[in-house]
Amino acid sequence: MNPYALSMLLSSLAIGTTITLSSSHWFLAWMGLEINTLAIVPLMTKMHHPRATESATKYFLTQATASALILFSTTMNAWTTGEWTIMNMSNNTATTVLTIALAIKLGIAPFHLWLPDVLQGLNLMTGLLLSTWQKLAPMALLIMTNHQLNMNLLIIMALASTIIGGWGGLNQTQMRKIMAYSSIAHLGWMILILSFAPSLTMLNLMVYLMLTSSMFIMMMATHSTNINKLSTSWLKTPTLAASTMITLMALGGLPPTLGFVPKWLILQEMTKQHLEALSTMMAMSALLSLFFYLRLSYTISLTSPPNISNSNLTWRMKNNKLLMLPTLIVLSTMMMPIAPTLLTMMN
């Protein structure tokens with residue numbers, strides 16, 4: 001892609017998210033979401049492949065539907081209250097429609113079906129943008145309106161997301177689909193605690209962004225788009241393969257990695273709210289996700305190809321462009337001791 005066109009599209013992505021994050025008026029927030037959607041569609045189609053075109057079409061249609069629902073719900077709320085302020089959503093029907101619209105935008109179950117297919121048709125860099133940057137604006141709107149949303153609806157979607165996110169990833173061989181189901185499961189944890197402690201939602205979002213960015217950048221470094229290619233990554237960069245395994249453990253939420261912190265704090269808060277049965281179901285559903293992370297770790301560390309691969313494998317690749325990767329790996333694996341400081345910052 002032309003560098004000038006690429007810089008314009010990336011700037012539009014940044015501007016769209018910034019407009020949504022800084023707005024207090026629903027029309028400005030909606031406009032920021034639209035700029036975001038229109039900026040990422042050309043990035044999706046830059047591969048000139050039928051799968052990329054299909055992904056872009058699916059993404060555009062789902063996001064357009066969600067945007068129409070957001071505009072409908074905010075117009076309905078303005079009709080009854082006379083205000084377009086984001087913090088003033090007093091109409092119950094409008095609030096429910098808004099929750100569903102933002103769930104469609106994020107890919108939360110049961111509105112998740114577009115996410116694995118769309119992510120599978122993209123290259124890894126665009127997939128990284130879709131899994132991280134594109135979550136910021138809708139999640140910010142959810143956090144800003146958390147005190148007005150239907151708590152029971154959020155809990156049902158959260159439980160469905162963690163179960164479907166864990167169950168859907170079990171039988172996958174494509175890394176991008178596995179990361180899509182991982183994203184669905186993490187979003188479930190975020191919206192579960194949204195009504196009780198929004199600061200924990202922000203902490204979980206920050207941890208998710210760091211871990212997912214680390215994983216996608218490592219996949220780009222080793223050119224791993226499926227499990228078979230991942231199993232040969234130790235031939236290329238043994239250190240990076242070990243780091244990938246640790247990051248997968250962090251995504252699964254195993255101590256002492258950073259991924260354990262948000263799950264621990266969320267389950268603690270849920271038990272304080274006397275929701276022990278729900279906490280147990282969430283913890284059990286996290287085991288489903290942990291299984292396919294462990295399967296990937298096993299593939300990286302304990303298996304080797306049965307014969308010499310016919311593909312051209314570069315011995316000790318030079319990755320000069322991936323300067324942020326060591327920092328992200330350190331942050332995602334060794335920040336658990338300063339978790340109380342992070343939580344204080346979120347409050």
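Placement of Cβ uses the backbone N, Cα and C atoms for every residue, glycine included.
TrEMBL has this to say about the protein:
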{"type": "DOMAIN", "residues": "23-288", "note": "domain 'NADH:quinone oxidoreductase/Mrp antiporter transmembrane'"}
{"type": "TRANSMEM", "residues": "56-74", "note": "transmembrane segment"}
{"type": "TRANSMEM", "residues": "94-115", "note": "transmembrane segment"}
{"type": "TRANSMEM", "residues": "151-171", "note": "transmembrane segment"}
{"type": "TRANSMEM", "residues": "178-197", "note": "transmembrane segment"}
{"type": "TRANSMEM", "residues": "203-222", "note": "transmembrane segment"}
{"type": "TRANSMEM", "residues": "234-254", "note": "transmembrane segment"}
{"type": "TRANSMEM", "residues": "274-294", "note": "transmembrane segment"}
{"type": "DOMAIN", "residues": "290-342", "note": "domain 'NADH dehydrogenase subunit 2 C-terminal'"}
{"type": "TRANSMEM", "residues": "322-343", "note": "transmembrane segment"}
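Residues 124-125, 127-128, 131-132, 135, 139, 175, 179, 182-183, 186, 189-190, 193, 229-230, 233, 236-237, 240-241, 243-244, 247-248, 250-251, 258-259, 261-262, 265-266, 317, 319, 322, 324-325, 328-329, 331-332, 342-343, 346 of the same chain sit 6 or more residues outside the transmembrane segment (203-222) yet have a Cβ under 8 Å from a Cβ within it. Per-stretch counts of Cβ pairs under 8 Å to the transmembrane segment (151-171) identify 178-197 as the leading one among 178-197, 234-254, 322-343. Each of 56-74, 234-254, 322-343 was scored by its Cβ pairs under 8 Å to the transmembrane segment (94-115), and the highest score goes to 56-74.
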